[in-house]
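Peer 1: According to Swiss-Prot, the record shows the following:
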BINDING   GLY169, ASP170, ARG171, LYS172, THR173, GLY174, LYS175, THR176  ATP binding site
SITE      SER362  site 'Required for activity'
Amino acid sequence: MSIKTEEISSLIKKQLEGYQDDLAAEEVGTVTYIGDGIARATGLENAMANELLQFSNGSYGMALNLETNDVGIIILGDFDEIREGDQVKRTGRIMEVPVGDAMIGRVVNSLGQPVDGLGAIKTDKTRPIEFKAPGVMQRKSVSEPLQTGLKAIDALVPIGRGQRELIIGDRKTGKTSIAIDTILNQKDQNMICVYVAIGQKDSTVRAQVETLKKYGAMDYTIVLTAGPSEPAPMLYIAPYAGAAMGEEFMYNGKHVLIVYDDLSKQATSYRELSLLLRRPPGREAYPGDIFYTHSRLLERAAKLSDKLGGGSMTALPVIETQAGDISAYIPTNVISITDGQIFLQSDLFYAGTRPAIDAGASVSRVGGDAQVKAMKKVAGTLRLDLASFRELEAFTQFGSDLDAATQAKLNRGRRTVEVLKQPVHKPLPVEKQVIILYALTHGFLDPIPIEDITRFQDELFDFFDSNAADLLKQIRDTGNLPDTDKLDAQIKAFAGGFQTSKQLAAAKD
């Protein structure tokens, strides 16, 4: 039997042609320390900052400290099964979360995994949680209003699309209520909302989700929650994950509102991680880069240039103060990063002025350019009037006799405070806000007793809906104040037939 060498060589060639290289080079390290949501590993010399690393039990971590001898890793999720000596390997990917339309209406955790029991989220799009903020030339000036539906904000501290407006105040002063009401008011406004709950009790988040469902707001909202029972890394990455979800829509030319509730808890979790990773502590034991932690997050909110699609992301970060101290480290940091702040005072809140906005300490640095023209006209001096009223009110407590002009100022001030009060979850459309503020600033409310102001307002809105819907439509469509003679005539017609509580009581008797 003779073996033909040609056949053998052709067979070998065929085999070589069909050969597939299944070898994959992996960089694997060894865990040297594990505990408190932190791991240290050696042997990962080429790991990138914020790279996703996988442990042998399937858990993931993120490289946060890149040191000479080892890597400091924050563990995302359960770390009970990880032991010293376990293997950890590089994935070559930066930490990413799922994004896209499929996320809308869902409640997810910091990794984008659903926690609402409604099954898997069908999306194949992802975005890195850390992303470079748009540069100067990629942005555009804030020019479109973002209506919150709250008279006190839309009149005194207006917000524009693409702005960063801080909501700051002590605990239990209505910070979350303002954020939720703003989300509720975005219905039919072509906005997508992202609510990031950081360190909020699960029962509280459940209540917020139920509120959003009740008013139909979950149709355009993503809720991201990192509860207090979760490890610190989950709380730390939550706002960045939320920003990534919002950016997906912004870079596709859509408008996004994102609420970070609240960044004080995120700062605390980052301080915890930094101390565990042996980073040198600074003021109030926060690490040296705590300012950068918040600035790189909030700079991602922007109004993009027309070249990039003209989308926007408006950020409402929330900060909790201790005993009204806005000069503490984190509050001053975030105040200096944002384009203004809404300061809520507990004294006002307990006195029944809700939303409890301190007009003197609250400011919007860029929102005035975006304010509706009609609102600008009727609310132009409102902030100054309110601030001077507060001063006068303090002065009159000494019991001195007042001249007629001062008395008139006080009366107008008290009515202003009453008009700016608003029940929770009842946002008002801008045209109705303009009507009541016009009535206030033009003296139509001066003869009305304070206890009847709310009823006067509600009945005035009903009157306009029935008899002057064209004026409301004009404000809504054009943003301009209609003919003042027509407006005055309608308000006078209503005020002439309005009966005060005393008149109603007398009529009954």
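Quick reminder: no glycine exception, Cβ is built from N, Cα and C everywhere.
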Peer 1: Counting Cβ atoms within 10 Å across all protein chains shown, which of the binding-site residues GLY169, GLY174 comes out on top?
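Peer 2: It comes out as GLY169.
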Peer 1: Looking at the recorded positions THR173, THR176, SER362, which sits with the largest number of other Cβ atoms within 10 Å of its Cβ?
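Peer 2: Max Cβ neighbours within 10 Å, all protein chains included: THR173.
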Peer 1: Which one of the binding-site residues (ARG171, LYS175) has its C-beta surrounded by the most other C-beta atoms within 10 angstroms?
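Peer 2: Going through ARG171, LYS175 one by one, the largest Cβ count within 10 Å is at LYS175.
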Peer 1: Let's check the environment of ASP170 (ATP binding site): how many other CB atoms sit within 10 Å of its CB?
Peer 2: 18
Peer 1: Quick check: with GLY169, ASP170, ARG171, LYS172, THR173, GLY174, LYS175, THR176 left out, which same-chain residues have Cβ atoms within 8 Å of the centroid of the ATP site Cβ atoms?
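Peer 2: Nearby residues not in the site list: GLU320, LEU344, SER346, PHE349.
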Peer 1: Under 8 Å Cβ-Cβ from LYS172 (ATP binding site), six or more apart in the same chain: what's there?
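Peer 2: In sequence order, SER346, PHE349 meet the Cβ cut-off.
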Peer 1: Would you identify the secondary structure of GLY169 (ATP binding site) according to DSSP, in three states?
Peer 2: strand
Peer 1: Between SER362 (site 'Required for activity') and GLY169 (ATP binding site), find the distance joining the two CA atoms and give it rounded to the nearest Å.
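Peer 2: So the alpha carbons of SER362 (site 'Required for activity') and GLY169 (ATP binding site) sit roughly 11 Å from each other.
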